[in-house]
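Novice: I'd like to ask some things about the structure below.
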Amino acid sequence: MAVVLDLLNKDTRPKLDAPARPRHPEKAHRPDTAIQRKPDWIRVKAPGSKLWAETKDIVRANNLVTVCEEAGCPNIGECWEKRHATFMIMGDTCTRACSFCNVRTGLPAALDEAEPEKVAEAVAKLGLHHVVVTSVDRDDLKDGGAEHFSRTIAAIRRASPGTTVEILTPDFLRKPGALEVVVAAKPDVFNHNMETVPGKYVTVRPGARYFHSVRLLQRVKELDPTIFTKSGIMVGLGEERNEVVQLMDDLRSAEVDFLTIGQYLQPTRKHHEVVRFVPPDEFKAYETTAYAKGFLLVSATPLTRSSHHAGEDFARLKAARLAKLGPAPVAASIRAVNA
């Protein structure tokens with residue numbers, strides 16, 4: 001597979017005659033694994049519409065990074081055609097090296113202090129009613145980037161008061177007080193992905209700790225029960241069904257509201273192999289099980305991704321909570337948090 005060049009930062013864009021900087025130098029020693037042909041149920045239309053191009057132009061004009069591009073999301077054509085984009089703050093270089101992820105690994109640059117305003121400007125230009133903001137892991141920062149998340153949320157609120165904000169955060173491992181800073185900024189949805197079952201963490205997500213991530217999501221609810229919490233996993237990495245069901249129980253013990261389950265797709269030959277393409281009927285079975293365990297909302301399809309249909313899902317989340325609790329308890333919770 002061709003090395004993908006960084007085309008997002010005008011100041012660091014490689015020259016045509018310069019050697020490409022490897023995205024994943026830490027994976028160079030790994031043996032190649034064959035990339036399997038995708039089954040028919042995972043085919044998507046290539047992007048290229050006028051609205052897709054307009055969204056790309058706005059992203060470029062504000063010198064922003066999107067996880068849609070960096071992670072090689074298969075839904076980019078559909079989402080950008082709807083002028084939906086998931087902004088990835090704090091640069092395009094991650095301090096961790098998860099075996100499933102296509103985001104560049106290395107030593108990140110200093111934070112762009114103007115980035116929160118740039119994101120807010122792009123949100124306003126795109127006319128987004130709901131925006132998703134994620135980030136690379138920044139273990140090099142004292143607070144893991146918590147203050148940068150907080151400033152970005154605040155900037156969006158100022159520029160687009162009617163826009164709801166969903167964040168997809170790293171785990172802030174060994175960053176005391178970081179989570180509290182982010183929650184105090186009052187995002188509407190707090191998403192932190194578990195990514196896989198605990199038995200696969202050593203090979204899939206080696207820099208993270210499974211129960212730390214569960215506790216992170218639980219702590220969000222303790223700090224502010226009005227914030228919706230969300231988490232997602234990939235399947236097809238060699239997990240067993242009983243492991244996925246146990247993960248559901250762990251997330252429900254943390255009062256997580258929304259679960260997403262999607263098929264893992266291998267970015268390059270150096271990444272973790274796809275052990276299995278899970279058929280659609282098994283995703284439907286996972287969805288049924290998750291609803292039975294009490295999640296307010298479940299999205300489980302081969303092409304499900306954390307930010308896919310996020311705006312529509314937020315409306316469904318609100319409706320589901322209202323139907324479950326009724327208007328009086330919801331209003332009381334909001335008053336208690338704001339007191």
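Using N, Cα and C of the backbone, Cβ positions are placed for all residues, glycine too.
Here the structure is a predicted model, which means the values were calculated and not measured.
Not my notes, these are from Swiss-Prot:
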REGION    13-35  region 'Disordered'
BINDING   Cys68, Cys73, Cys79, Ser307  [4Fe-4S] cluster 1 binding site
DOMAIN    80-296  domain 'Radical SAM core'
BINDING   Cys94, Cys98, Cys101  [4Fe-4S] cluster 2 binding site
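Could you place the listed features in the three-dimensional structure?
Specialist: Taking all protein chains in view, 23 other C-beta atoms sit within 10 angstroms of the C-beta of Cys73 ([4Fe-4S] cluster 1 binding site).
In this structure, Cys94 ([4Fe-4S] cluster 2 binding site) is part of a beta strand by DSSP.
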Novice: Suppose the [4Fe-4S] cluster 2 site is Cys94, Cys98, Cys101. Which further residues of the same chain have a Cβ inside 8 angstroms of that site's Cβ centroid?
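Specialist: Neighbours found: Arg96, Ala97, Phe100, Asn102, Val103, Thr105, Val136, Asp137.
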Novice: Ser307 ([4Fe-4S] cluster 1 binding site) to Cys101 ([4Fe-4S] cluster 2 binding site): how many Å between their Cα atoms?
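Specialist: Ser307 ([4Fe-4S] cluster 1 binding site) and Cys101 ([4Fe-4S] cluster 2 binding site) have their Cα atoms 16 Å apart.
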Novice: Between Cys98 ([4Fe-4S] cluster 2 binding site) and Cys73 ([4Fe-4S] cluster 1 binding site), what C-alpha distance do you get in Å?
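Specialist: With distance taken Cα to Cα, Cys73 ([4Fe-4S] cluster 1 binding site) is 16 Å from Cys98 ([4Fe-4S] cluster 2 binding site).
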Novice: Among all the protein chains here, how many other CB atoms are within 10 A of the CB of Cys101 ([4Fe-4S] cluster 2 binding site)?
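Specialist: Other Cβ atoms found within 10 Å: 22.
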Novice: Around Cys94 ([4Fe-4S] cluster 2 binding site), how many other C-beta atoms are within 10 angstroms of its C-beta?
Specialist: 23
